[in-house]
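Student: To start, I am sharing the structure in question, which I have written as structure tokens.
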Amino acid sequence: MFPEPPTSGPPAPDTPPDSSRLGHSPVPPWALATIILVSALLVFSCCFCLYRKRRRRSGKKIQAQAQVHLQEVKELGRSYIDKVQPEVEELEPAPSGPGSQVAEKQELGRLQYSLDYDFQSGQLLVGILQAEGLAALDLGGSSDPYVRVYLLPDKRRRHETKVHRQTLNPHFGENFAFKVPYVELGGRVLVMAVYDFDRFSRNDAIGEVRVPMSSVDLGRPVLAWRELQAAPREEQEKLGDICFSLRYVPTAGKLTVIVLEAKNLKKMDVGGLSDPYVKVHLLQGGKKVRKKKTTIKKNTLNPYYNEAFSFEVPCDQVQKVQVELTVLDYDKLGKNEAIGRVAVGAAAGGAGLRHWADMLASPRRPIAQWHSLRPPDRARPLPAP
């Protein structure tokens, strides 16, 4: 009547497996690889999205900064264009009248000099002793005078005294010698021109003394004072022209100078030609900080270069730099002689400032222009501080 108790024995075959056995079952390798690959794709996708988002933000920021730099440079260029003044050579001579007569009567000062002739060596000895009452050409009411001495008609062989700083009564005490036969001396004219030295621009003529040697008795030494006369405007020697382009990229802080060509250069060689090349200097604060140069073109007065040179100039420094191009004649045996030079920059005037202003007003565009070469500055001792 009562059910029989269950008997012990092996479990039924359809009994579910023990959970401890499931924990030890192996995972297939393809499943592990799939999980790792999916995880890596998810991480890569998140990183890529974050990178693109950050890049868009930085791109917008750089673009905004670039627009600001471009606008600043354009406005700077326009402001320079308003300041451009014509070169001295471009101005027409002032008409003669009562005003000009007053200017001619202005007292320029006087110069003391000495003359003697050494018959043994065949030399004219010129002493530049002192000057007094010179005209003040500097803003501070003074001048930095020096004297240039030469014998016409030869202007190339000339001597210069040292520069005396901030004085209208300099004591020079310097002597110079010109080797010239006595028989030829009568046809010469001694010129002693007093200049006001300027470190950053053209030196201004204060006045000059001209002594026809035919009127001087050189049988004994001569010591004399003479009043300075207004120096006549000299007709500038034609040295040639040079064409180059300027390009400035404010965002990259890059200034590119392309030397294109030159024409009608001065003849420097005996054969009536030259071997010209161009040196390009970047100046900052009046000092040369970078230098480049073109290749040498043989036997020509009309060289073609088309050579580009780049300089790093940050946007905040573009007002403080200047570019100077000097054309030189290459000499294989002697010293390379300068034919002429051109300077462009914010501190330049006339065509040099005009070219610089046009470049800044049109950033990223090359602006080409022809310039007339000017005489290279002669080396001269700087005034003592």
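Residue numbers in this text run from 1 along the chain shown.
Glycine too: its Cβ is placed from the backbone N, Cα and C atoms.
In case it's useful when we look at the structure, here is the feature table from TrEMBL:
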COMPBIAS  1-16  compositional bias 'Pro residues'
REGION    1-23  region 'Disordered'
TRANSMEM  30-51  transmembrane segment
DOMAIN    107-226  domain 'C2'
DOMAIN    238-371  domain 'C2'
Student: Please compute the mean pLDDT of the model over the domain 'C2' (107-226).
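Tutor: Reported value for the domain 'C2' (107-226) is a mean pLDDT of 88.
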Student: Could you give the number of helix, strand and coil residues in the domain 'C2' (107-226) as assigned by DSSP?
Tutor: 7 helix, 65 strand, 48 coil
